[in-house]
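Before any comments, here is the structure.
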Amino acid sequence: MDSILRLTSILTWLLSGLWHVGLTATNYNCDDPLASFLSPVAYSSSSDITGSTSSAQLNWRMGTGGWSPADSSAHQWLQLDLGNRVEITAVATQGRYGSADWVTSYHLMFSDTGHNWQQYKQENSIWTFAGNLNADSVVHHKLLHSVRARFIRFVPMEWNRNGNIGMRVEVYGCSYKSDVADFDGQSSLLYRFSQKTMSTLKDVISLKFKSMQGDGVLFHGEGQRGDHITLELQNGRLVLYLNLDDKKAWLSSITPSAILGSLLDDQHWHSVFLERVGKQVNFTVDRNTQHFWTKGETEVLDIDYELSFGGIPVPSKPGTFVKKNFHGCIENLYYNGVNIIDLAKRRKHQIYSGNVTFSCSEPQIVPITFVNSRSSYLFLPGTPQIDGLSVSFQFRTWNEDGLLLSTELSEGSGTLLLILESGTLRLLIKKVTGHGTESLTGRSLNDGRWHSVSINVRRNRVTLTVDNDAVSLAPETSGLQIYSGNSYYFGGCPDNLTVSQCLNPIKAFQGCMRLIFIDNQPKDLISVQQGSLGNFSDLHIDLCSIKDRCLPNYCEHGGHCTQTWTSFYCNCSDTGYTGATCHNSIYEQSCEIYRHRGNKAGFFYVDSDGSGPLGPLQVYCNVTEDKIWMTVQHTITELTQVQGSNSEKPYAMTLNYGGSMEQLEALIDGSEHCEQEVTYRCRRAHLFNTQDEAPFTWWIGRSNERHPYWGGYVPGVQQCGCGLEESCQEIASNTGFLSSKDHLPVTQIIITNSNRTNSEAAWRIGPLRCYGDRHFWNAVSFSTEASYLHFSAFHVEFSADISFFFKTTALSGIFLENLGIKGFLRLEMSSPSEVIFAIDVGNSPIELLVQSPYPLNDNQWHYIQAERNIKETLLQVDNLPKNKREVSDQSNFLLQLSSQLFIGGTSSRQKGFLGCIRSLHLNGQKIDLEERAKITPGVRPGCPGHCSSYGRNCHNGGKCVEKHNGYSCDCTNSPFEGPFCQKEMSALFYSGTSVTYMFQEPYPVAKNTSLSSSAIYKDTAPSKEIVTLSFITAQAPALLLYLKFSPQSFLAILLSRNGSLQIHYQLSKVESHVFTVGSENLANRRVHEVNMNRNGQELSIQVDQQLFSYNFSPEVEFQTVRSLILGKVTETLVLNPEVTQANTLGFVGCLSSVQYNHIAPLKAALRHASIAPVTVQGTLTESSCGSMVESYANGVTTVYSSSDPFGNTDEHEPLTNAIQSDSAFIGGVIAIVTFIAFGVIGIMTHFLYQHKQSHHTNPMKEKEYPENLDSSFRNDIDLQNTVSDCKREYFI
């Protein structure tokens, strides 16, 4: 059996090869002149200056010397009857001899019958041929696609402005032989096999067909085991069903293998080519090809008994068919090299035919096309004053709206209108009195298919029939008296008519009509064309020029295509792409770019190839670290145990990352580093066989290859990383990282040694993690105008998008250029403020200009995005408005570039670009500029100076640091951290929390601070002081910040009893300055920002949005800072009563973004406590002040006191979020401390009162104290008395 299959496949291959050779031979040297020997009667035209068509052969000089119409206007044509169907490969034209008459451009049309013409198209557009520039020269055109027809028409489009239309023509080609079969819709051909079953590994089926209807079976075959192959027309499209040895199913329930073509019921020839090799199938209709893999269990197609063509007959029931039969003609039908129609014509025994004839009978149907939605119409006369009315026709269109018919009825009956509205037919009869009646029927009638419409009015009964579905008007029409009028306007109304003669409440119809009957009489539309019947405007007669603009579908990435008569539109919803053709991704290409655009950490979609074919993939971007990690999670994240596996029954688990391998590979290739953590734990289930070193366990990587090495070790070595480093803590456990990008990601793990007694294994594969974008900072520098980089030609064709960054100081320069045989593409900076995108697809160049209001040669990075698709061309610079231009419908949109792509210059080495270009993308493809620059003179890899453009991204005092592949933000001198110094450093303080920063030589983290910041380390007092902080609290009084100058002098920022902000400057034992800033209670559970700036004797204080200013007197002298304290001051110092009271309770709340000049003490305590001169006492918890605001917002607002700083009066309702447990503890501590404090204060008050009384009764020259009074308490008393006597208080 195998030998028979092999022999059958060889014969099929040979026969199909011979068939292709035969076709090639037919086209070989097919360039004979076909018009030279035609008789004059073979020429016809729309009109002629002599009254009868003159001979118009090439080089003809007799008579009028060629053809000229009686009137040089649109819709003139010259027609040739070539006698039989021939193959036309070229044409040539001249002007009329001895005259100023010639045609400068023209269209070609062809037909088999002299009716139902077809326009010559190239690249899916009506092709315009360039004509002559004088009367004598010959212009020759080789057709890109040969044409098979009997009749050919030359349709002048433009001609000599100083003359008229004049043509002499020649047609080149050769004879065309074919075998044709005509199917009447009730017959079929059967090809019986010599054996019961035909088994094939390869099939080749080819044919051409011309259909009279939109549905019908072209061929069908099936086998008893479920194999089947069926090709049929459905709604004007070809549907292929193909299945190999699968379970048998009814055809109605089978999903089509492929659907191709559209509008295939246009009565024109269409070619089909189907090739199958095993499960791989190539399916071509006309010039559209679809490649796919068929379903089934084998690669052999088994067909039993026969193949049927034209229908599917029911066995044992002659004349009965399963589905609708094909009605039309089939030509040159080949099945695996066998000419089926030739066998039928010769009545070979393999062929059984029904009522099939072998010539193509075609009805003489004349279609018309309404071209213009404003001015197209057709006027046809009718027979007036008939009691009743009858009109019928067929139409097809893509437009939802349009006027189909308008006629003024006789005897004052009113006006009858038939309108297409939102794809539904609306019949409206308007009476002269204003009353009327209407009916709606049909839906989606703008689907491009032919639809039949009939209006019949008889004996006051109005019936509207659409596609055999009849509907009658409402009962009130029984009183209507309707009499036919004498004029019928189809499609629209002329401008010169009165309203009553033709009504058009909607735009004119754009589409095709045919088979028009009025009063049951067919209308001769050729007579309309010749001017002997009716009238028309903007019509194509004897031609239906409908075009399916959604085939092929130019909406990319799964966009849904919809269309009108003149254009198509792409619905990009839920695709992840945008633009006129869904070409541009709405997602960024890496986490690096998301970070660069200011996004925070979270889940994002990353589209690694931008506008390329790969879709977006969801990842997690951790943008809070210096290295931006991109994480792709898979479906199995937990430690998984395995038991009972062996070499015969291995354990295998596949990991699903939620995307294709191509998406993952693109993500990995575009990253600088990738890794996956792997963990393997085992008991009596080894990784490797110690005898022959064969692996017991391995994993599968990206290339579907086995890898026996494990975490931390180099690829190709069967060992674990901890074994290499001799750092294994457990013999039965290994954890490490896989970091070979060529092998990642891990797609499968195999374990074969966990079936021994008491043996088990456990594994865990971590997510795929990558950092770095290899292309975002990929840059080159061009140093001379003659330097450039060159790459292979830019393959664009239908869509082209270009994007890159540039910076320069030059006045002009070309960014890139690519030339073709006819067209080109160029992007350049034409002046310091102008960028031009020029493109030519072969007809005429288009230039888009963007003018910038600012100079582009400022040595800053600027972004350019240019795009050209079949709908529009656009250019954008930075965030300036886009310059966009729609592409003309008739234009040639296929851009073919043949030369090399030049970056930074041109092949002429002139007008080159001086500066830097980076992150160049062409149609989503990332161009590695740096690698090419390494071997190119005059071009250097990399480009310094990123901080000049992106330094503004370093916030809150962060310093921009240059890197080869970008920049980073140094947050050393900032109270913030993170990639852009935007993450606030904040912490929760409790009543006993104290953070002390000692000023001395800078700690190692701050070694690179500027010279201006070094003043705070000297013994001299700083001339400037800047203090910034944010806080949230519900406690008052509260000490926020304390700066110690000496034991007796300090600066304190606190909240007073009423919650207002106070600044205390204690500059000596006797000199104090107190500033009360506003009266607002800031202990209100909200975040407040304080910014204090002292410059010399000037002091400014900003609280939130309010700014206050003050000037110190000139004699005030400031001192050197020794330490800075946040929270409670724990050491024994001389404090005034307000500071003492605020310090007694400490600070309970959240402090963030604390900075004194260039020192960030809170950040030092949280991040560098081991190396910075900072000491932390009590509990300091890193937190977020923002989360506390949310906690407060979710809680109950109550009145609070100093004993309850967070304001919880309801002891049964804890604080929400992260501070619930902490707040309970804090509240208890505060209550105890407050009780003790008030007790101490009470005792002190009592003692001082007694002491004061004795002091007044016994005056002393010097202060005297009891001998048993503690010395520290004496200092407190001194401080209080001094402050009471010398304090200066300011209210601002």
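Heads up, the Cβ atoms here are built off N, Cα and C, so glycines get one too.
CYS329 (disulfide bond) falls within a strand when secondary structure is assigned with DSSP. Look at Swiss-Prot and you will find CYS329-CYS360 (among others) tagged as disulfide bond, backed by similarity to another entry.
The disulfide bond annotation in Swiss-Prot covers CYS512-CYS544 (among others) and rests on similarity to another entry. Sequence-distant neighbours of CYS512 (disulfide bond) (same chain, 6+ residues apart, CB-CB distance under 8 A): PRO367, ILE368, THR369, PHE370, PHE395, ARG396, THR397, CYS544, SER545, ILE546.
Cβ environment of CYS561 (disulfide bond): ARG549, CYS550, ASN553, TYR554, CYS555, PHE568, TYR569, CYS570, ASN571 lie under 8 Å away, each six or more residues apart in the same chain. CYS561 (disulfide bond) falls within a strand when secondary structure is assigned with DSSP. Annotation comment: Swiss-Prot describes CYS550-CYS561 (among others) as disulfide bond.
Classification of CYS555 (disulfide bond) by DSSP places it in coil, neither helical nor stranded. Annotation source Swiss-Prot lists disulfide bond at CYS555-CYS570 (among others), citing similarity to another entry.
DSSP assigns CYS572 (disulfide bond) to coil, not to a helix or a strand. Counting every protein chain shown, the Cβ of CYS572 (disulfide bond) has 22 other Cβ atoms within 10 Å. Feature annotation from Swiss-Prot assigns disulfide bond to CYS572-CYS582 (among others); the stated evidence is similarity to another entry.
What Swiss-Prot records for CYS916-CYS943 (among others) is disulfide bond. CYS943 (disulfide bond) carries neither a helix nor a strand DSSP state and counts as coil.
Its own atom aside, the Cβ of CYS960 (disulfide bond) has 20 Cβ atoms within 10 angstroms in the protein chains shown. Secondary structure from DSSP puts CYS960 (disulfide bond) in a beta strand. Taken from Swiss-Prot, the feature disulfide bond applies to CYS947-CYS960 (among others), supported by similarity to another entry.
Look at Swiss-Prot and you will find CYS954-CYS969 (among others) tagged as disulfide bond. A 10 Å cutoff on Cβ-Cβ distances gives CYS954 (disulfide bond) a total of 23 other Cβ atoms nearby, all chains included.
Around the Cβ of CYS981 (disulfide bond), the same chain contributes CYS954, HIS955, ASN956, GLY957, GLY958, CYS969, CYS971, SER974, each under 8 angstroms and 6 or more positions distant in sequence. Positions annotated as disulfide bond by Swiss-Prot: CYS971-CYS981 (among others).
Counting only residues at least six positions away in the same chain, the Cβ atoms of GLU984, SER986, SER1030, PHE1031, ILE1032, VAL1087, CYS1150, LEU1151, SER1152 sit under 8 Å from the Cβ of CYS1185 (disulfide bond). In the three-state DSSP classification, CYS1185 (disulfide bond) falls within a helix. The feature disulfide bond is assigned by Swiss-Prot to CYS1150-CYS1185 (among others), with similarity to another entry given as support.
As annotated by Swiss-Prot, domain 'EGF-like 1' applies to 546-583, with the evidence given as sequence analysis.
If you look up Swiss-Prot, you'll see 584-777 marked as domain 'Fibrinogen C-terminal', on the strength of sequence analysis. Averaged over the domain 'Fibrinogen C-terminal' (584-777), the predicted model has a pLDDT of 82.
According to Swiss-Prot, the topological domain 'Extracellular' annotation covers 25-1223, on the basis of sequence analysis.
Swiss-Prot lists 1245-1292 with the feature topological domain 'Cytoplasmic'.
Here the CA atom of CYS960 (disulfide bond) lies 16 Å from the CA atom of CYS943 (disulfide bond). Note: CYS916 (disulfide bond) has non-local neighbours ALA779, VAL780, SER781, PHE782, PHE806, LYS807, THR808, CYS943, i.e. same-chain residues 6+ apart with C-beta under 8 A of its own C-beta. Shown are the disulfide-bonded residues CYS360, CYS550, CYS943, CYS947, CYS971; the one with the most C-beta atoms within 10 angstroms of its own C-beta is CYS971.
Cα separation, CYS572 (disulfide bond) to CYS329 (disulfide bond), rounded: 40 Å.
When the disulfide-bonded residues CYS329, CYS360, CYS947, CYS960 are ranked by how far their Cα is from the Cα of CYS582 (disulfide bond), CYS947 comes first. Less than 8 angstroms from the CB of CYS329 (disulfide bond) sit VAL180, ALA181, ASP182, PHE183, PHE209, LYS210, CYS360, GLU362, each of them six or more residues away in the same chain. In the three-state DSSP scheme, CYS1150 (disulfide bond) is classed as strand.
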